[in-house]
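Engineer: My questions will all concern the structure given below.
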Amino acid sequence: MTGARPRAVGRREPRERGGGESGGRGGGAGAAGTMGGAGSAGRALAALLLAASVLSAALLAPGGSPTPDLDKKKPVELKMDQALLLIHNELPRTNLTVYWNFDCCYHCLLRVLASVSQGRKAGEPGVAAVAVSTQHWSILQLNDTAEDTEVCRLEYKFGEFGNYSLLVKHVRDGVSEIACDLVVNKEPVDSNLPVGIAFLVGMALIIVVSILRFLLSLEDFQNWISKAINSRETDRLINSELGSPSRASDPQPEAWRRSAAPLRLRCVDTFRGPVKCMLPKTSLFLMEQLSLRAEMALTIMVFVNYGGGKYWYFKHSSWNGLTVADLVFPWFVFIMGASIFLSMTSILQRGCSKIRLLGKIAWRSFLLICIGIFVVNPNYCLGPLSWEKARIPGVLQRLGATYFVVAVLELLFARPVPETCASERSCFSLLDITASWPQWLFVLILEGVWLALTFFLPVPGCPTGYLGPGGIGDGGRYRNCTGGAAGYVDRLLLGEQHLYQHPSSAVLYHTEVAYDPEGILGTINSIVMAFLGVQAGKIFLYYKDQTRGILIRFAAWGCLLGLVSVALTKASENEGFIPVNKNLWSVSYVTTLSSLAFLILLALYPVVDVKGLWTGAPFFYPGMNSILVYVGHEVFANYFPFQWKLGDQQSHKEHLVQNAVATALWVLIAYVLYKKKVFWKI
């Protein structure tokens, strides 16, 4: 057997499995520019790095998807993420039923894949040709159709467009023992090669640009450039970007100096772009660089929403677990919380009344929710809007609700940030936490509400505290219980017709009820995550003069939240008390992603904020028009030049190039709007 993990060889009696059914009907499955000082031209080139990297991948990656050698008698047209499997039944007087599923489908029923009859002539095997998925490890179970007994069972990871044969036969003549051998007729293609090449080219470009920026920061290199080119224009460009040559003796870091540039002297609000700010110079830079994390998340979100090259790991997980797509939205929520605190601190320092600010918060939240409802109900896709079937929840709707609660909470209990008593803000100080005890109390009560509703709310026809996907999961016993209390509350309060009708759980678990991943209960934990982002903003501001103290707190929060996640999940995908689940926005999902957010801040803060080795280009520009970019990429997703007819619809490479070019175009659009000082504020 080639590469397979056999579970059983030989004839055996039926046994109990995950769903309590016997035979093959029940089964358990474990599971920025070439020269940083070149002014506008340099920043424009930086904004196109992403497109350049992917187009390079298109040149280096292999061509269109090959056509596999198909069995002439059993032609099967393969699609993306599929392989051909030829099942040879060499057992005399025995018909076989083949059951299949992914091993990552937790406690799922196996589904019928094919039926293979005995050979029509003596010595001639019966053959069935089927297409099998290559996205995950597959479970194959073969049963004797007549006796409904298991013949053999194996696990195997098929490769895209590969050609395989499964030979079912007796080990030797006259011996009842049966062997199932899997052989490779034709090697599969490496569908992940374009992603690998694109990543390596992108990293190489980033390294080259970083080295050039470092060289341009050296006075000797600047003088060498001036002498070599002998151009006053070059000197003007270099000096305008990096400052005068005498700055080498300036004790202020380069990053601090850039924060005082006329176009950069601002705060960045997640939803409003640049806003006037009266924070200290250091806090200005912290606000600006903190927004970079959200801008990176926004760029990745655009790429994922466009399809991510049709790779499964750029799509949302079907239920428990994490993919790249599951990381983006919560990190945006996290950074939104940090920007709420920093921008609100600035506005209150300017003397704005709390009543007036409350009105602005309410109006902005209302606009976000309205824009969100507009985005998730596209007429060109679903036909003329029917109010009886309009979807209510969505990404912007959740952002609006989360923003309102967290902003009002901070407004009601706002306290001035101390500018003195540096000794009280030592590495062991908890001033950033103790000063916010009312907010912490409210958030903990809110989390208690989520836990109580999730685990104690009776759900008709479902076990109390159920966190599963329903469908064929859990042996198919709870088909209409998708999401447990979360799904029930949404269907009860919003109505099933106003929810998302095609949840990601349908991919693996074949669920049939509507379920919305941006539902009501999940919004509670979204608020919790945003408040953890507020905590990150307070660390930045309370300890702005203490780099070591900031790093220690980021590390402490990252480790603490990580330990909470380990305890809740038992360090497993499906076996924990509360698994990591994006569809539910479970508390373990919040603690895990918040832990990673703090650790990413721990890594980026010295590089971006302290040393100033990276300005954030090209990711910097979309964040200046985050709402415009998000709404625009959703509305114009199916229009040229963001989408065009592909030569091969079953090619990951072509989809990857299309999706990455579309993402790069939005980065370029954001760059042009930024240079023209056009910002869509709400």
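Including glycine, each Cβ sits where the backbone N, Cα and C put it.
Where the annotation comes from TrEMBL, it is an automatic prediction and has not been curated.
The annotation compositional bias 'Basic and acidic residues' is assigned in TrEMBL to 10-19. The compositional bias 'Gly residues' feature in TrEMBL is assigned to 20-34. The annotation region 'Disordered' is assigned in TrEMBL to 1-34. For 44-64, 195-216, 290-308, 328-349, 361-380, 400-418, 439-459, 520-543, 550-568, 588-607, 619-636, 656-674, the entry in TrEMBL reads transmembrane segment.
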Engineer: Are there residues at least 6 beyond the ends of the transmembrane segment (520-543) whose Cβ is under 8 Å from a Cβ of it, and what are they?
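Structural biologist: For the transmembrane segment (520-543), the nonlocal Cβ contacts are 279, 283, 286, 290, 330, 333-342, 345, 393, 398, 401-403, 405-406, 409-410, 417-418, 425, 429, 431-433, 435-436, 439, 443, 446-447, 449-450, 453-454, 485-486, 489-490, 493-494, 549-550, 553-554, 557, 561, 583-587, 589-590, 593-594, 597-598, 601.
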Engineer: Same-chain Cβ contacts of the transmembrane segment (588-607) under 8 Å, 6 or more residues past its ends?
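Structural biologist: 292-293, 322, 327, 330-331, 334-335, 525, 528-529, 532-533, 536, 547, 550-551, 554-555, 557-562, 564-565, 568-569, 576, 578-582, 613-614.
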Engineer: Are there 3 or more C-beta pairs under 8 Å linking the transmembrane segment (328-349) with the transmembrane segment (400-418), counting only pairs at least 6 apart in sequence?
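Structural biologist: They are in contact.
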Engineer: Relative to the transmembrane segment (361-380), which of 328-349, 550-568, 619-636 accounts for the most Cβ pairs at distances under 8 Å?
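Structural biologist: Comparing 328-349, 550-568, 619-636: 619-636 has the most Cβ pairs near the transmembrane segment (361-380).
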Engineer: Can you name the far-off residues of the same chain, 6+ from the ends of the transmembrane segment (439-459), with a Cβ under 8 Å from a Cβ of it?
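Structural biologist: Beyond its ends, the transmembrane segment (439-459) has Cβ neighbours at 409-410, 413, 433, 465-467, 481, 484-486, 488-489, 521, 524-525, 527-528, 531, 534, 584, 587.
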